[in-house]
Amino acid sequence: MKKTNKAYKQILQRYFPFCPHCGKRFQLKACDYVKELVCLSCGYTMWLNSKPTASCFLINERKEVLLSKRAIMPLQGWWDVPGGFLELGETPECGAKREIKEELGVQLRHITMLPCIYIGTYETMPIQLTLNTYFVSHISSRTTLEPQDDVSEVSWFPIHALPKKIAFENNKKALRLLMRDFSQIIKRIS
């Protein structure tokens, strides 16, 4: 635990050395699970909060799952669940629908939230934590999908024959949940 806290403190001091209000050096205040940067000169506090994301598993009539291949770093070329970061004030449901529209050119009407929320990391920032929510929706395999935004290609996969290179540990956890409860989930979205 002490090594983790020491490494965390070094990262914070490297990326956030000074207060954005007065320019003085920040101090790390850590108690229990709360980590924050506090300016001892002006009292400004910078909370280090998770960034919320929303992703949506699309399932077709053949009971296949759609995955998208990442066109950008991190993990460029790895398979991903369509989704992304929420915009300010956006609900997870609206964010998932917006991301599907942006990445695949498809407007979803109905999506169902999966009973899982995960905390994760995003590799572009050493201290960027994510709060990941997942949804599921039915879509026809005949729907025209146009990879856009940060997606290079899409492909349908049988639930028990997924590719090895799945981006992000939380996606792997959500896929395991999807596999475990697949027949029940199919009934909910059909």
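Backbone N, Cα and C define each Cβ position, glycine as well.
Copied from TrEMBL, the annotated features are:
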type: DOMAIN; residues: 49-179; note: domain 'Nudix hydrolase'
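Per-residue confidence over the domain 'Nudix hydrolase' (49-179) averages 94 (mean pLDDT, predicted model). DSSP states for the domain 'Nudix hydrolase' (49-179), grouped as helix (H, G, I), strand (E, B) and coil, give 24 helix, 50 strand, 57 coil.
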